[in-house]
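S.K.: Per TrEMBL, the features are:
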- ARG21: site 'Transition state stabilizer' (SITE)
- LYS28: site 'Transition state stabilizer' (SITE)
- ARG162: site 'Positions MEP for the nucleophilic attack' (SITE)
- LYS218: site 'Positions MEP for the nucleophilic attack' (SITE)
Amino acid sequence: MNTPDLPSFWAVIPAAGIGSRMRADKPKQYLQLAGKSILEHTLNCFLDHPCLLGVVVSLAEDDPFWPNLGCARDARIYIAGGGAERAESVLNALLRLGELGADEQDWVLVHDAARPNLDQSDLDLLLAELADDAVGGLLAVPARDTLKRVGSDGRVRETIDRSVIWQAYTPQMFRLGALHRALAEALVSDVAVTDEASAIEWAGQSPRLVEGRADNLKVTRPEDLHYLERLWRGRS
Ligand SMILES: Nc1ccn([C@@H]2O[C@H](COP(=O)(O)OP(=O)(O)OP(=O)(O)O)[C@@H](O)[C@H]2O)c(=O)n1
Ligand SMILES: C[C@](O)(CO)[C@H](O)COP(=O)(O)O
């Protein structure tokens with residue numbers, strides 16, 4: 001894609017989780033994939049983009065792994081402190097952007113450290129589709145399987161109409177000022193915020209869904225990493 005047509009943006013990478021569902025010996029963002037850590041692959045997708053203004057990575061306070069990464073010395077990468085929940089880690093990164101002099105109207109793309117398979121074509125698609133959008137939005141994938149609502153007894157309660165169900169992915173793209181206000185107010189109000197879009201929705205706006213690749217998966221459980229290892233086998 002011709003990048004002069006794309007907006008400049010800041011990236012926020014929440015990477016302060018412990019990866020409990022992975023049941024690994026270190027936080028999953030530091031597990032190896034094709035010779036690099038998952039976090040390095042994720043960062044490279046943004047560091048390679050010509051429209052990047054800078055990256056803020058939210059890290060756990062006691063993170064001993066970050067200084068050993070080659071990209072830790074990249075001048076375009078800034079650090080923020082992680083919080084107890086993902087939303088707090090993101091809010092801390094937005095505060096850091098303010099300290100760095102980012103403008104309220106700057107685009108911010110929030111992307112999980114645990115999604116290393118983001119394709120540059122999806123990143124460019126999101127930027128192009130939302131460049132002039134009044135609200136912003138997110139990469140997402142329409143439900144592909146039949147969906148069931150489960151009862152407390154573990155049995156099917158109903159089959160859900162999947163034609164109106166999409167899975168939210170990241171990056172999620174919003175203006176810095178609007179996202180900062182929505183996230184801060186949602187957290188103060190104890191609203192459950194598992195992604196940036198839900199804070200924007202709570203603030204009364206309707207983010208746009210941009211259909212992306214289904215292989216932009218979040219490494220959550222061991223089989224997710226095994227899948228990517230097979231997918232990446234033989235990549236340079
Ligand atoms: N307090 C937290 C929790 C999560 N994350 C980040 O948010 C992303 C998505 O969260 P998730 O997949 O849930 O990661 P974890 O919380 O580490 O996983 P788990 O829930 O299995 O412990 C990850 O890149 C994770 O590092 C974060 O920055 N701060
Ligand atoms: C942000 C996200 O990846 C969108 O699907 C998801 O909400 C993260 O949830 P998690 O429980 O923090 O992995």
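Each Cβ is built from the backbone N, Cα and C atoms, and glycine gets one as well.
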S.K.: Given the recorded sites ARG21, LYS28, which one is most crowded in terms of C-beta atoms within 10 angstroms?
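M.R.: It comes out as LYS28.
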S.K.: Around ligand 2, within a Cβ distance of under 6 Å, which of the recorded sites ARG21, LYS28, ARG162, LYS218 show up?
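M.R.: Passing the 6 Å Cβ check against ligand 2: LYS218.
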S.K.: Helix, strand or coil by DSSP: which one applies to LYS218 (site 'Positions MEP for the nucleophilic attack')?
M.R.: coil
S.K.: Between ARG162 (site 'Positions MEP for the nucleophilic attack') and LYS218 (site 'Positions MEP for the nucleophilic attack'), what C-alpha distance do you get in Å?
M.R.: 21
S.K.: Here are the recorded sites: ARG162, LYS218. Which has the lowest count of other Cβ atoms within 10 Å?
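M.R.: Candidates: the recorded sites ARG162, LYS218. Fewest Cβ atoms within 10 Å: ARG162.
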S.K.: Round to the nearest Å and give the CA-to-CA distance linking LYS28 (site 'Transition state stabilizer') with ARG21 (site 'Transition state stabilizer').
M.R.: 9
S.K.: Between ARG21 (site 'Transition state stabilizer') and LYS218 (site 'Positions MEP for the nucleophilic attack'), how many Å separate their Cα atoms?
M.R.: 12
